[in-house]
Amino acid sequence: MGDAGMDAPPAGSVQQDSFFSMTDVFLISLITGLFTYWFFFRKKKEEIPELPKIQTLPPSPRDSSFIEKMKKTGRNIVVFYGSQTGTAEEFANRLSKDAHRYGLRGMAADPEEYDLSDLSRLSEIDKSLAVFCMATYGEGDPTDNAQDFYDWLQEADTDLSGLRFAVFGLGNKTYEHFNAMGKYVDKRLEELGAQRIFELGLGDDDGNLEEDFITWREQFWPAVCEHFGVEATGEESSIRQYELVVHTDVNMNKVYTGEMGRLKSYENQKPPFDAKNPFLAVVTENRKLNEGGERHLMHLELDISNSKIRYESGDHVAVYPANDSSLVNQIGEILGTDLDTIMSLNNLDEESNKKHPFPCPTSYRTALTYYLDITNPPRTNVLYELAQYATDSSEQERLRKMASSSAEGKALYLSWVVEARRNILAILQDMPSLRPPIDHLCELLPRLQARYYSIASSSKVHPNAIHICAVTVEYETKTGRLNKGVATNWLKSKVPNENGSNSLVPMYVRKSQFRLPFKPSTPVIMIGPGTGIAPFIGFIQERAWLKQQGKEVGETVLYYGCRHEREDYLYRQELARFQQEGVLTQLNVAFSRDQAEKVYVQHLLKKNKENIWKLLHDGNAHIYVCGDARNMARDVQNTFYEIVAEYGNMSQSQATDYVKKLMTKGRYSLDVWS
């Protein structure tokens, strides 16, 4: 810009007299203009009226202060929950309801909604106690709603010496970091000076989580009584949390029809999309992957065009399924209810943040289809509340016994409900005198939760689609009933463009730590039998894409396993193509049932142990394991202990430490389920 006038002719002395006279006029005009502007601007400023000062009111207590809420509502026990699937929230609600039996008042609270630094002020309330029901998600991670609380605990240097607390953790022993979140909260609160009034409870979902909770709870309350010098006021009694309102004349545009959050959000979709605002993705492909066998393994593709949803290889897609309409109809029939009745369940506690147990107003049909879990065996608190409606004394006694903490009751609940996999419909069918009001049943049943699947695609290759690999769950129970997995059977029915209408799936993406190495040249060893192959299809797609971009891509090694080569070898053609293109440098497949002696992925790892050690030790390879946590992941980990011990000349404990350090450094990643 500074050189723009270089080619202009020089201003000579032509018409010099005229030039000076024009300059004089210009300068006089400029001075006059500036003076006028200054005069009016100054006057304008002076003429601005002085507004009266607004009286500032002292700030009201934060809405996020649970202390102020407890004081206002006369509560002295707060039960926080870190919940991913709703169970910890359910336990928190049960504990808060228990409090009234001891002359105390409790409230369940989502840590995401409150400022947890207020814990230091809880001692302002007489006989106050904070209880934490904390689930562990994934590989020792906090649940989504407890992430901020976890971050605060890590950084906090607050003095919590006036705080009394207790923790119950929810975990699964098949996972490497069993109950990590519960253990951390318990330890960290003590470090900050808080007083533990009862020992840490560790619930194991691989065993009997309900029994673990009941056992802890029946010892927890006596400890609370002893600490505060209070006594139980009487037997457990049924207290309704919600009241029923039936809408006879309602605008149907104000009625929820399955939305998770905002009314009409499925008709008027607005990003960002998350658990409370899922995106309705169109199913563009749904094909069967296996060529034989009794099971149905499938590959689905969801269109996320124009959603602004972004994902990385290794992330999870959450889908909100719907219950089987035949189960819903049978519940309606057995209870003699018009399922299309429009109703609301309104919280009797007007101060509660949770106004309804699910979006209201809605119909019973919608609630039982989209909002409530009707397929899992009900927990003991549901049986206790339902018992009052059994007109047959023996059935009522049976229900109360199963809900009790006696050894006989626990054994009966385990065999008759849990092991027999009796859902609420089966219980109603097997107890003819039990006919509860449907509104109370809807209040008691837990929420139907989203199901998570490892994404089987790379956004580099499929930016507008998310792929899912899943197997339908179907089994016969001890009572001879056929139980079906809610989500997988619902997904199976999602046929693209059936009858000219789109098959839609409410979904959102949950970020994961299961990530490819930052450097494409780093070797990767992937172990994923069955549907555990899902994230590795995305990984291999991404490595192929990187190679096409001219990047140096390290060795890409896959250990895959299935039952029969000719039946359930998933993505066979795709894997063969990747191997042919040189992207997949090693493909090792274990067919477990094609010979007399079963062969699994860990057997192939042992067979190639020298190559494994070379990749691991010399190549700094990253290891990824996806699939069954209970057996496969544990056996694979034990195999790596053996390989490291043998080729690294280490003792068993040294080899274990070596592998654990790989995990800490992010070089051994797990995406497993049980």
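Note: Cβ is positioned from N, Cα and C throughout, glycine not excepted.
For reference, TrEMBL has these:
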TRANSMEM  20-40  transmembrane segment
DOMAIN    77-221  domain 'Flavodoxin-like'
BINDING   83-88, 135-138, 170-179, ASP205  FMN binding site
DOMAIN    276-517  domain 'FAD-binding FR-type'
BINDING   ARG295, THR531, SER592, ARG593, LYS598, VAL599, TYR600, VAL601, GLN602, ASP635  NADP(+) binding site
BINDING   ARG421, ARG451, TYR452, TYR453, SER454, CYS469, ALA470, VAL471, TYR475, GLY485, VAL486, ALA487, THR488, TRP673  FAD binding site
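Per DSSP, the domain 'Flavodoxin-like' (77-221) is made up of 65 helix, 35 strand, 45 coil. Across the binding-site residues listed here (TYR175, PHE178, TYR452, TYR475, TYR600), the residue whose Cβ sits among the most other Cβ atoms within 10 Å is TYR175.
For the binding-site residues listed here (GLY86, GLY138), the lowest count of other CB atoms within 10 A around the CB belongs to GLY86. Using Cα positions, the member of the binding-site residues SER83, GLY138, PHE178, TYR600, GLN602 nearest to SER454 (FAD binding site) is identified as GLY138. Comparing the Cα of LYS598 (NADP(+) binding site) with the Cα of every entry in GLY86, TYR175, TYR452, these being the binding-site residues, the smallest distance points to TYR175.
Counting every protein chain shown, the number of other Cβ atoms lying within 10 Å of the Cβ of ARG421 (FAD binding site) is 17. Straight-line distance linking the Cα atoms of SER83 (FMN binding site) and THR488 (FAD binding site), rounded to a whole number, equals 23 Å. Counting only the Cα atoms, the space from TYR452 (FAD binding site) to ASN172 (FMN binding site) is about 17 angstrom.
Residue pair ALA470 (FAD binding site) / ASN172 (FMN binding site) shows a Cα separation of 22 Å. Between the candidate binding-site residues, SER83, SER454, THR488, SER592, GLN602, the densest Cβ environment within 10 Å is the one around SER454. You'll find the Cα of PHE178 (FMN binding site) roughly 23 Å from the Cα of GLN602 (NADP(+) binding site). Local packing around the Cβ, expressed as the count of other Cβ atoms within 10 angstroms, is greatest for ALA135 among the binding-site residues ALA135, VAL486. Each of the binding-site residues ARG295, LYS598 was scored by the number of other CB atoms within 10 A of its CB, and the lowest score belongs to LYS598. Cα-Cα distances to SER592 (NADP(+) binding site) place none of the binding-site residues ALA135, GLY138, TYR175, THR488 within 10 Å.
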